[in-house]
Amino acid sequence: MATGSGSVIWFRKGLRVHDNPALEYASKGSEFLYPVFVIDPHYMESDPYAFSPGSSRSGVNRIRFLLESLKDLDSNLKKLGSRLLVLKGEPGEVMVRCLQEWKVKRLCFEYDTDPYYQALDFKVKDYASSSGVEIFSPVSHTLFNPSYIIEKNGGKPPLSYQSFLKIAGEPSCAKSELVMSYTSLPPIGNVGNLGVSEVPTLEELGYIDDEQAESTPFRGGESEALKRLNKSISDKAWVANFEKPKGDPSAFLKPATTVLSPYLKFGCLSSRYFYQCLQTIYKDAKKHTSPPVSLLGQLLWREFFYTTAFGTPNFDKMKGNRICKQIPWNEDQVMLAAWRDGKTGYPWIDAIMVQLLKWGWMHHLARHCVACFLTRGDLFVHWEQGRDVFERLLIDSDWAINNGNWMWLSCSSFFYQYNRIYSPISFGKKYDPDGKYIRHFLPVLKDMPKQYIYEPWTAPLSVQTKAKCIVGKDYPKPMVLHDSASKECKRKMGETYAMNKKMNGYVGDEDLRDLRRKLQNDDESKIRNQRPKLN
């Protein structure tokens, strides 16, 4: 049985000192405090076979961001007379060993709705309760507890943003006093022989940190998060007038959004504190935008997806997911690789994908364009395959939001106007007619005259030669022709929607196979009819 008067605070997300209820409770009345982070090899160890530098699960940009966040957390704990105890191994097993060795009276960690953590926490809680260790696991990664909202909605998650807002109402943190700082924390007790270390460097995890390569300009950590938040909210008029669809997806040196998403993802920034800051500004503003387009609206989108994801079995799959339309997507590895590597032949799409590879981040409208292009817009490739690429490369990759957005953008769920397609040519041109964004991320096109920068294949050969970029040699030809490809996609979506409607959403494997065959036969007969007839 637990005998000590110590507590463990187990950091996973929630990598901050401000507004951290698990830390606050762990430090109250404890003689010793053990702040722990476990390096999970499954997520962190270098994988030489992955398509981009990183582990088998995550690109190197996100691993670097996490290490910077841990370094900053360690530094903030040291200022309070504590430090971060870094251990390595399967997190569940490591935590059980810590509880056995330190004989603490309580284990505190932030509640997490991700399926991976749900399974992990079940295992750890099971051991703790059988050993008499008190568990404290507050909901503080989100404004609302998804379970309460699902309960209020009769046991089902609300499936539209508006119904979510109606059910959710005002979060309990709207009026509560948040603990933002401490004068000191209890000291660390004897750590025994558990192999505690400092926060490792990228090199120590087996990565080559290429200083020369262009990598993400966004640094991880609570200090950086608060600095970025303060900079965003210091312009009160900008906050009051923020309207989501109106950002510029081509602005990269000074992004047209707050770029707070990676800090919210890792919990370097408290969403509850962000909420309170926004409410203070709105209270003083003569007028301000409202959800869904306001900054508060963006924060509530996050809540909506967290709740829907938590209450929907198989949320990350098409099959067995009751809210997802069953669509006979192609699973084309060649097309997927061309899209992933920025080699589609459409400079706007390719530049976005290169920014993702290099920075681990791009503007939300840019994400919309490339997701639409891969799925229902041009290539008709399965959204799960695109989701996997985003999940690996984004520094703000968040299980609930990433899956929700891919279903939305592929018109598989939440949004059904499949005839509305982002043009891979005119959409970017509207914001950046000179193609500055393309020239930065695709230097091979830097000398292409602006009238051809979005469609280099239309440039006369003399122009291509002068620009030192021959299409088909130095830069790929378009892999599909957008006008005919998007027309085909719309036809396929139309037939698929009709089948889903006819079968009331109960579409089986057999039905999907039949429809796929029919669509392929239609494609082949179309090609036959288009061939010139020989005399």
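From the backbone N, Cα and C atoms, a Cβ is placed for every residue, glycine too.
Unlike curated records, TrEMBL annotations are generated automatically.
Residues or ranges marked as domain 'Photolyase/cryptochrome alpha/beta' by TrEMBL: 5-143. The feature FAD binding site is assigned by TrEMBL to 257-261, 298-305, 396-398. Summarising the annotation, TrEMBL assigns site 'Electron transfer via tryptophanyl radical' to TRP329, TRP383, TRP406.
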### Query
Which of the recorded positions listed here (VAL259, SER261, TRP301, TRP329, TRP383) have a Cα atom within 10 Å of the Cα of TRP406 (site 'Electron transfer via tryptophanyl radical')?
TRP383
### Message
Using a Cβ cut-off under 8 Å and a sequence separation of 6 or more, which residues in the same chain sit near PHE305 (FAD binding site)?
### Response
ALA400, ILE401, ASN403, GLY404, ASN405
### Query
Per DSSP, how many helix, strand and coil residues does the domain 'Photolyase/cryptochrome alpha/beta' (5-143) have?
58 helix, 28 strand, 53 coil
#### Entry: Candidates SER261, TRP301, GLU303, TRP329, SER397, namely the recorded positions, that fall within 10 Å of TRP383 (site 'Electron transfer via tryptophanyl radical') by Cα distance
TRP329
### Summary
Here the Cα-Cα span from THR257 (FAD binding site) to TRP329 (site 'Electron transfer via tryptophanyl radical'), rounded to a whole number of angstrom, reaches 33
### Query
By a simple count of other Cβ atoms within 10 Å, which of VAL259, LEU299, the binding-site residues in the record, is least packed?
VAL259
### Task
Just jot down the residues in the same chain as TRP301 (FAD binding site), at least 6 apart in sequence, with C-beta under 8 A of its C-beta; none if empty.
TYR161, PRO292, ILE401
